[in-house]
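Quick look at what TrEMBL lists:
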ACT_SITE  E102  active site, nucleophile
ACT_SITE  E106  active site, nucleophile
DOMAIN    24-214  domain 'GH16'
CARBOHYD  N110  N-linked glycosylation site
SIGNAL    1-23  signal peptide
Amino acid sequence: MGKMNLALLVLCFSALFAAAAEASGIWDDFYVFNGPVNVKSPGPKVGKTVVLGLTNQTGATIASYSPYLFGRFSTKIKTVKGYSAGTVTSFHMASNRTNWSELDFEFLGNVTGQPYSLQTNVFVEGHGNREQRINLWFDPSAAYHEYAFLWNQKQVLFLVDNIAIRVFKNLKGNPFLDYQPMYVYGSEWDGESWATRGGLDKINWAYAPFEASFTAINTHNACKVTDPQNITQLDACYAQASISTYGQGVNLSLTRKQVHDLRWIRRKFLTYDYCEMVVKFAGKVLPECRQNWP
Ligand SMILES: *[C@@H]1O[C@H](CO)[C@@H](O)[C@H](O)[C@H]1NC(C)=O
Ligand SMILES: *[C@@H]1O[C@H](CO)[C@@H](O)[C@H](O)[C@H]1NC(C)=O
Ligand SMILES: *[C@@H]1O[C@H](CO)[C@@H](O)[C@H](O)[C@H]1NC(C)=O
Ligand SMILES: *[C@@H]1O[C@H](CO)[C@@H](O)[C@H](O)[C@H]1NC(C)=O
Ligand SMILES: *[C@@H]1O[C@H](CO)[C@@H](O)[C@H](O)[C@H]1NC(C)=O
Ligand SMILES: *[C@@H]1O[C@H](CO)[C@@H](O)[C@H](O)[C@H]1NC(C)=O
């Protein structure tokens, strides 16, 4: 096939995917994983928005039916308003095997009037302990903002309204999130033992239910797998990545804008970085830590 034809084909496919994304609601791709009593799907856009709640009985989680290997995964979230100390609103991806992979956005609530923290984490081959925390430049409970993972063969980007806040690169000789398709989750849960000021501020149940709203969940620019153990399907996702927008060209490394974004985040908003703790306690820099901030 000529270069032009291939480009045209990719363009047509992209248009098709975009159309499908518009037409479908949450429940085509997701189901209630736990806490059905605290899952509300309100109007007017029935099926496009879901409210996940936390009460003294249970939290709530939705999960994707299928796992994915590479793609762009996004949702818009409005976190719990007012007193939210001890609560955690999360958008995350995880494989469910031994030595699993995981990517997390976790919004740590606070007492009334104090700012949320956004914690991110990466698990590779079952090992996490890669927390970073930032303050946000807006109040995430006041309006919807978009949170996205762009995951391909070369790197994972964490994006907030398309601003890069974190990168995890695929470095030679270091483990990476590959060959393990991940499910996508949204959830609202009780993290009072650690979330707010290290667990000092607890949940105040008088304010329950604590509710976060998720809308425009988009997993369509991605490679879906039906059987996570089937190597043929995983190989097909590698092949798809190399002809997709998410897995080629500018998306394989940081753009100039993303380098600028990350420097801005580190300078103005970073409040905790596991790499600094590693240096403090083990006295050596992990190879990945040299690459986390450009
Ligand atoms: C949980 O909350 C409900 C409603 O506020 C209250 O009636 C109930 O006593 C609480 N249960 C516990 C175990 O705290
Ligand atoms: C992983 O999820 C799939 C799909 O829900 C399920 O069939 C499988 O049993 C799960 N595996 C583990 C180890 O939980
Ligand atoms: C998990 O990873 C360890 C090394 O970190 C390896 O020894 C072990 O075989 C792996 N287990 C599975 C089931 O892949
Ligand atoms: C909550 O507010 C306090 C005081 O401003 C701040 O130190 C803390 O980082 C905030 N976030 C969390 C999750 O504790
Ligand atoms: C793996 O997936 C491919 C493509 O979906 C399918 O043709 C094949 O039968 C599957 N193999 C196994 C062992 O399930
Ligand atoms: C990847 O790069 C292209 C530009 O080549 C851009 O249009 C696209 O939005 C990027 N991101 C994804 C997730 O495809």
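Note that the numbers count up from 1, one per residue, in the order the chain is shown.
Cβ from N, Cα, C; glycine included.
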For the residue listed as 'N-linked glycosylation site', the three-state class that DSSP assigns: coil
Integer Cα-Cα distance in angstrom, the residue listed as 'N-linked glycosylation site' to E102 (active site, nucleophile): 25
Tertiary neighbours of E106 (active site, nucleophile) (same chain, Cβ under 8 Å, six or more apart): V88, T89, S90, H92, L118, Q119, T120, N121, G191
Other C-beta atoms that fall within 10 angstroms of the C-beta of E102 (active site, nucleophile): 22
